[in-house]
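S.K.: First the structure, then my questions, so here it is.
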Amino acid sequence: MRLSTSLQELPSFSTSDPLERESDPTRPLRPLQRDGPASSFSKERSSPRTPTKRKRFIRATVCILSLASFFILFYFFSGYFGNLFSRGSSEYSVILDCGSTGTRVYVYEWSVVKSDKGKPNFPIAIRSLPKTPLKPTNLKSGRAYQRMETEPGFDKLVRNESGLRSAINPLLSWAEKQIPQHAHRNTPVFLYATGGVRKLPGPDSDWILNKSWGILKNSSFSCTRDHVKIITGMEEAYFGWIALNHHKGMLANPNPNSISTFGSLDLGGSSLQVTFETEKPIQDDTRVTLRIGSVTHQLTAYSLSGYGLNDAFDKSVAHLYKTLGSVNQADGKVQIKHPCLHTGYKEDYSCSYCNPVKGQGGIAVELIGSPNWDECGALAKISINRSNWDNSASSGVDCNSQPCALSDNLPRPNGHFYAISGFYVVFKFFNLTPDATLTEVLEKGRDFCAKPWDVAKASVAPQPFIEQYCFRAPYITSLLREGLQIEDSHVVIGSGSVTWTLGVAILEAGQALSSRFDVQGYNRLLQSPHWVWVLFVLSVVLVVCAALCVGNWLPRSFRKPLYYLPLFRQNSASGSVRSTVTNPFKLHLWSPISSGEKLPLSPTIAGSGPHPFGTAHNLSGTVPLTELSNLSGVSHSYSAGSLGQMQYAINGNWKPSRGQTTLQSRRSQSREDLSTSLADVHLAKV
């Protein structure tokens, strides 16, 4: 039976395999479709399968998850390498401590350090600038500190804008000299006010903060409004605790079996801050939980207002004012003879505690030196005893039986302590080393008090409050022994470089670092760089998956067109012929070892040239694949490029068979008849 079907009729044929139809007769036929009316006979292709909703949903989910995972990994790598590259580079912080006696500026330089394997260490290296303490001759106060100070305190500058500028601008100018100019814009400046401003009425303290903010925001440093504030006594306490334990290296080497940190006694001009760690958290208002790295510290922190060096002396004057004061007939001022002042001393003084109404300013008195060492010691104990100054406290508290500086609801200090700030100032004034005992402080104080005022003043470098050190020597001794009841062996005097401002700088540096990279969360990863490469490979895989998903969604106009040549299969058993379209991504080579079916690759004659109707795609058509057919005895040459083009030629020296003569005689017929001729050729071979 002669096959006379033309190429125009091919779409009506089924694309299924005959064997498949026999095994599953109920399977529907899928007709071939054209791209359009202008398509040629060699460009017929099957209809692309439309993905089901489930497949689309899975593809979209995979794509979204891949992209999300990639961006997460990208964020991680940016933080990791940003942190890696930032190691060793210095950053700076400027902190202004606005206390009751004056305003001090501290400049800190910090950088990120890599932790050693097996050795936990603090991830931030920080130091105070300048690198060496300033010489006493360079400062009016004569104090060898890594800082600059202006006087008086902010609480004395209420409604005095010019005085406020005079107190702040020199500090900013000094800080600018310590920091490279290119780093000024990125260096934050903080202004934290403490005890002196803390006691002011709300409108007055707000005025000071707002005016200070106006000055700082116009400086060369970076400053926001929340950088200018009043800190509480508890904040000041744990800032000092952080500074102390970082200075001693206790934050990097925690011992989970016991308390391995030191307590902090930070003595200022207006208040005393007490902070220490407890084994179990105390459920009261003094509890502070501090997490540094993987270690949690349960702290107890409280501030004792009125127990700073300046307020303590003021309380001693107030006690004398109430009991021993006499009115000077000449000028009407109250004259007070003070047992802790030198012979020959006579100066005016404003007593804040003499005024029964707090916040209304001090009462002007005249202090006259009348040295008496025993009375001076007793007066210091009166200033310490809380029952003398707090109406809510029990009267007549015995300092020998309980800590008389603490209220009943405050926990007693526990552990070993470092006494810093004001304690160091007193030791430094008397040229004592931190190893000196409190008894030595009392001896130095007695000798100093015995000197006339002119001699005592000339014996030390110029600095404020020289006259008060005769009182300060017995005061700090009684404060530790009776007021807090801490044994002498449990107290060590710290260095002058340890102040609560260091704690602020450490926390701010940690916050700045955490905003760019989570040090604590990735600490272990930083110590194991091979994980970085594992995550890098994973991110590449995710990007490839996302690209493939996105590529499948591209419109057809962006894809390369694929052309298909309808091929024929002949079932040797039935003789029926059905059209089929092969997968364009699979290259089938004809082989005689088969089930009797022949893949109808484009027939060409060995050595012939390409047919003029071939397409532009040629997959190595110069490599012939020659096989001998055992059925027809005709030599066939198959080109690997026949899937992309139709190559057809006739060698004139070749003698065709009877069935093939028809093809030779119909070279001028239409494209539809050529289809029939090709089918005849295949039937003749069989």
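Counting begins at 1 with the first residue displayed.
Even glycines carry a Cβ here, placed using N, Cα and C.
Pasting the feature list from TrEMBL:
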REGION    1-52  region 'Disordered'
COMPBIAS  1-17  compositional bias 'Polar residues'
COMPBIAS  18-27  compositional bias 'Basic and acidic residues'
TRANSMEM  57-77  transmembrane segment
ACT_SITE  Glu236  active site, proton acceptor
BINDING   Gly269, Ser270, Ser271, Leu272, Gln273  ATP binding site
TRANSMEM  531-554  transmembrane segment
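I'm curious about the neighbourhood of these features; can you describe it?
M.R.: Same-chain residues at least 6 positions away in sequence with a Cβ under 8 Å from that of Glu236 (active site, proton acceptor) are, in sequence order, Thr194, Asp266, Gly268, Ser271, Gln273, Ser303, Trp500.
Long-range Cβ neighbours of Leu272 (ATP binding site) (same chain, at least 6 residues apart, Cβ-Cβ under 8 Å): Leu265, Asp266, Ser303, Leu304, Tyr307, Gly308, Ala405, Leu479. Following the DSSP three-state reduction, the secondary structure of Leu272 (ATP binding site) is strand.
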S.K.: What other residues of the same chain, not counting Gly269, Ser270, Ser271, Leu272, Gln273, have a CB atom within 8 A of the CB centroid of the ATP site?
M.R.: Ser100, Thr194, Gly195, Gly233, Glu236, Asp266, Leu267, Gly268, Ser303, Leu304, Ser305, Tyr307, Gly308, Asp311, Gly422
S.K.: Using DSSP with the three-state reduction, classify Glu236 (active site, proton acceptor) as helix, strand or coil.
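M.R.: Assignment for Glu236 (active site, proton acceptor) reads helix.
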S.K.: Under a criterion of Cβ-Cβ distance under 8 Å and sequence separation of at least 6, what residues of the same chain contact Ser270 (ATP binding site)?
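M.R.: Set apart from Ser270 (ATP binding site) by at least 6 residues yet with Cβ under 8 Å, we have Gly99, Ser100, Thr194, Gly195, Gly196, Arg198, Lys199, Ser305, Gly306, Gly308, Asn310, Asp311.
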S.K.: Please identify, from the binding-site residues Ser271, Gln273, the residue with the sparsest Cβ neighbourhood, meaning fewest other Cβ atoms within 10 angstroms.
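M.R.: Counting other Cβ atoms within 10 Å of each of the binding-site residues Ser271, Gln273, the minimum falls on Ser271.
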